[in-house]
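Colleague: From Swiss-Prot, for reference:
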type: SIGNAL; residues: 1-22; note: signal peptide
type: BINDING; residues: 38, 192; note: Zn(2+) binding site
type: DISULFID; residues: 71-183; note: disulfide bond
type: DISULFID; residues: 200-208; note: disulfide bond
């Protein structure tokens, strides 16, 4: 009888601990979604402010660049389209999101310089800090998803493709400045989508349609 009571106590404690972890992970997921939403909205505002600051001739030049044909993040293997995203596991979506956020830690410093003269985007230097915080949160979610298993994602060891390209951004040309802003917006939209679907994956009864 005593042994049964001890066993029951252990089971109850384990359940409470697991419930606490699940609650913490849910809060972390919600915070991650909110943070990347803010970054996506900030990216959209930066592009609008950038375009508003241009002369008519410069805007005509931009019309020749858009739609955007290439971003350096295209090197990162990621789900494309709604169907592939919805079929991806929560762990895969978290890993891709981590990779995309990580890839912007260095170029976000150039991004800050691109919009440093804007008075409406707040302090652009905070973008790098926001990315670092989001990266840390996603890393914790990945570890929780692995539940003690080793991380076997080969892509984690691949070099990031951004650093050399953005070293050429020193001339701050119109084309490259716009490309940088547009790519940042594109990638933040990706991460927002992936995190939303990954968060939805936590509930088996949820309809995770996009």
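Heads up, the Cβ atoms here are built off N, Cα and C, so glycines get one too.
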Colleague: Starting from the Cβ of residue 208 (disulfide bond), draw a 10 Å sphere and report how many other Cβ atoms land inside it.
Modeller: 15
Colleague: Taking only same-chain residues 6+ apart in sequence, whose CB is under 8 Å from that of residue 71 (disulfide bond), what do you get?
Modeller: 179, 182, 183, 186, 187
Colleague: Between the disulfide-bonded residues 183, 200, where is the Cβ count within 10 Å the lowest?
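Modeller: Relative to the other disulfide-bonded residues in 183, 200, 200 has the fewest Cβ atoms within 10 Å.
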Colleague: Which residue among the binding-site residues 38, 192 has the fewest other Cβ atoms within 10 Å of its Cβ, if you could check?
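Modeller: Across 38, 192, these binding-site residues, the one with fewest Cβ atoms within 10 Å is 38.
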